[in-house]
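For reference, the structure is listed below as structure tokens.
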């Protein structure tokens, strides 16, 4: 094992090769000092060596008898066919035509398995098919599962249809069906409709359950209705007449909401309130706290709190810590945490590999990045476009533009279509090398592929021309942003002002910046549809998705 730390708060200083870990570990692999760009780096000879738990082994299955073996193998065959075709109904129809009948136990088992796998599209497809079968007594529980499936899919039209059928069949609306319809509206982006159902349940019944409150809080947070979420949570928290009190999931969602809205202090207060109210914290609770911290020391501190609470970090916990170290250019700690994750038997995801890859890429550590890239393939996590673009960034930051060009060609040869971030990475590299000709060549090549430039690329080109002594071209590229429907951000304005040297240039730059500010202050149509001004390299979207999945659990 090449980890130099056993706990995240054992920080490795540059030049330090020995630390006293909090727990004794056997270092199985040697450590090599490598001098790169004036900084001392640590490379492990045994970096990311395969772990036994990563090797997929065929499980031994013991059958009761020959009949049980035949039944199980038939079910496996059916599941494999559904997986390969992507359609459950076509396989079930084929099976019915071949055997004249399908055992009910097989259908129920298939439904339960897809429910466990959260493949709600297949659950809904099978149930809709069963509803049309004469041999299947489609009852109350089937309706409940079907409306739940549509709720999880965000298909409010389907949920409304099922609710109508339930009423027609004499099944009165209850908390399950109403909550499912509310969830369908929420996931379908109809937040006001979801809220209307919730308010109606509060007033006329059926009485909302704890799960109902979890879903409405999640819906409010997804729809950026933070005030409404806070009001519902506070009422549960403080209303003595309320039959319910906020549970762990509700607290988790509020911490997540405060993080999303930028109210970090409120998130910390809510976290502390859990202990006061005797609410047990979970791994996802700590993950939510870590996800909005930008300082690696803070992330590390929360991670250690989680471990002291005897909670086992999951892949998101490790990824958050690796990400924090990577952004702080502390590649040694990032690698050590990844190795610790593997030693703990936690299976990494492709995104976790990409985050470690990014940690080395930021500092231009090509050899280490290549090891991570190769390890992904070895461990059956095929690199995606993000992986290739991050690897490309490692060459750019090295800087090794010849290597970057070769890897860019490989990216295309491997069947990937470069996007605006990929070209932006190359353009940034040539801009740093002060190679205006190659900057423009890549820009034209990008446009030729039908890819529209973003704010970052236009700012990079503007800066490159200005630093090359061509202020007039820099001004034209600043104006190009508006022509592309982009309002210059603060970074673009600052760069333009810094490029102006003469009084005439300074005057022109000030006028352009002032004009862009005036345009920016004008009322906007569909302002809510604007993209968040997040850095392309941020991984918060991934962590948000993982948090949401954890709440669904």
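Just so it is clear, glycine is given a Cβ too, placed from its N, Cα and C backbone atoms.
Note that TrEMBL annotation is computational and uncurated.
Range with TrEMBL annotation region 'Disordered', chosen from 492-522, 523-553, is 523-553. Here the repeat 'PPR' (384-418) has Cβ contacts under 8 Å with residues 350, 353-354, 357-358, 360-366, 369-370, 373, 376, 425-426, 428-430, 432-433, 435, 438, 446, 449, 451 of the same chain, all six or more residues outside its ends.
Remark: secondary structure over the repeat 'PPR' (384-418) totals 26 helix, 0 strand, 9 coil, with classes taken from DSSP.
In the predicted model, the repeat 'PPR' (247-281) shows an average pLDDT of 91. Residue counts for the repeat 'PPR' (247-281) by DSSP state, with H, G and I taken as helix and E and B as strand, are 27 helix, 0 strand, 8 coil.
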